[in-house]
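K.L.:
A single structure is presented below for examination.
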Amino acid sequence: MMKSLANAVGAKTARACDSCVKRRARWYCAADDAFLCQSCDSLVHSANPLARRHERVRLKTASPAVVKHSNHSSASPPHEVATWHHGFTRKARTPRGSGKKNNSSIFHDLVPDISIEDQTDNYELEEQLICQVPVLDPLVSEQFLNDVVEPKIEFPMIRSGLMIEEEEDNAESCLNGFFPTDMELEEFAADVETLLGRGLDTESYAMEELGLSNSEMFKIEKDEIEEEVEEIKAMSMDIFDDDRKDVDGTVPFELSFDYESSHKTSEEEVMKNVESSGECVVKVKEEEHKNVLMLRLNYDSVISTWGGQGPPWSSGEPPERDMDISGWPAFSMVENGGESTHQKQYVGGCLPSSGFGDGGREARVSRYREKRRTRLFSKKIRYEVRKLNAEKRPRMKGRFVKRASLAAAASPLGVNY
C-alpha cells in the first residue's frame with residue numbers, strides 16, 4: 001500500500017517524502033540520503049546538534065525544462081543535469097504552452113550549494129557562544145568605565161552663591177526621580193503641622209514650644225503622684241467601709257484624715273486575725289490527736305480472765321506479727337468512741353494473701369532468676385560444644401564428610417583399618 005501511495009504521489013509531483021509519503025519532497029539530505037518534506041525535515045533535523053549540521057539541498061517546485069536561446073552559440077556545451085535528478089522527473093500529460101518562449105524565466109538544472117548564512121550556522125554560533133570563554137577587550141572595558149559615574153567623597157568647602165546655584169541645578173537634573181518632589185514635601189509638612197497642632201514657620205524649635213520643658217515635666221510628675229495618693233486613699237476608705245459594715249448592710253459615714261494610723265490599725269487587725277486563726281487550727285489539731293487514743297490492755301487481768309479457757313485465737317496458734325518500717329504492728333486495735341475495732345495494717349501496700357510475710361514471692365522470684373541464669377549458661381555451653389565438634393569434624397571442599405568414607409578414601413588399597 002505504501003508503494004502504491006508513493007507512486008500515486010510521485011505521478012502528480014516531482015518526488016514524494018520518504019518519511020511520511022504524503023507530501024511533496026522539498027529538501028534532500030545527502031547525509032541521510034532521503035527526500036523530506038518541510039515538516040519532516042524540521043522534525044528530523046531539529047532532534048540534536050549533529051542532525052542540525054547535515055547539509056541539505058532545496059528542491060525546485062517546478063519541473064525543469066531545457067530552453068534554447070537564440071543568442072547561444074553552437075559551440076557552447078549544454079547544461080549537465082545532476083545525477084540524483086535522473087529517474088524521477090516526469091513529463092506533463094498535457095501541453096503547457098511550449099510554443100511560447102519566455103527568455104526571462106530560465107531554469108537552472110544545477111542545484112546551488114548551501115550558503116554560509118544558512119540557519120544551521122545560527123545553531124553552531126549559539127553553541128560556540130555557550131562554550132566560549134569570555135575575552136577581555138581593553139577598548140570595551142575602558143569605554144564601560146568611562147560611562148560609569150564613580151562616587152566621590154567631597155569635603156564641605158566655602159563656595160559662592162553662583163557655585164551653589166549651579167550645583168543645585170546640576171543635582172536636580174542628575175538626581176531627578178531619586179528624591180521626593182515639591183508636592184510630596186508640601187504634603188509631608190502639612191501632615192506634620194496637623195500632628196503638632198501648630199505651624200512650622202517659627203524659627204526656633206525649642207523644648208518649651210513642644211511642651212517638653214523641665215517645669216512642665218515636673219508638673220506632670222507631681223500630678224501623677226497626687227492621683228496615685230488619691231487612689232490609695234480611696235481604696236483604704238473602701239476597705240475600712242467594708243470592715244465596718246453592720247449586719248443590716250448599712251454603712252456609717254466617717255471622715256478620717258489619719259491615713260497612717262488607720263493603715264497601721266488595719267494591719268494590726270489582720271495580724272490578730274491570722275494569729276487567732278492559727279491558734280484555732282493548732283487547737284483543732286491537738287483535739288484530733290487527743291481523740292485518737294491507743295488501747296492499753298491490762299495484761300494481768302486478761303491472763304487471769306482467760307486462765308483456763310485455752311488460747312484466745314480461733315486457730316489455736318498465735319499469728320506471725322511482722323513490723324513495718326515505721327514500727328507499727330501489722331494488726332492493731334483502735335478505739336473510736338468507746339468501741340474497739342480491728343484494723344489490718346498491710347505492710348508496703350501488699351495484701352496478706354500475697355505471701356510477703358513468709359517470703360513466698362521473694363522465693364519464687366529468686367527461683368525464677370536462678371532458673372533463668374542456669375538456662376542461659378547451659379545454652380551457652382551447648383552451643384560452644386557444638387562449635388568445637390563442628391570444627392573438629394573432617395571436611396572436604398567445605399562440606400562435612402563421614403569418618404568411614406574419609407578412612408576408605410585415605411587407604412591406598414581401599415582396605416578399612
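Glycine is treated like the rest: Cβ placed from N, Cα and C.
Copied straight from Swiss-Prot:
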BINDING   CYS17, CYS20, CYS40, HIS45  Zn(2+) binding site
COILED    212-239  coiled coil
DOMAIN    361-403  domain 'CCT'
REGION    63-105  region 'Disordered'
ZN_FING   17-59  zinc finger
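Set these features in their place in the structure for me.
P.N.:
Every protein chain considered, the tally of other Cβ atoms within 10 Å of the Cβ of HIS45 (Zn(2+) binding site) stands at 22. Look at HIS45 (Zn(2+) binding site): DSSP puts it in coil.
Secondary structure by DSSP for the domain 'CCT' (361-403): 33 helix, 4 strand, 6 coil.
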K.L.:
Using the structure shown, find which entry in CYS17, CYS20, CYS40 (the binding-site residues) has the sparsest Cβ neighbourhood within 10 Å.
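P.N.:
So among CYS17, CYS20, CYS40, the binding-site residues given, the one with the fewest Cβ atoms within 10 Å is CYS20.
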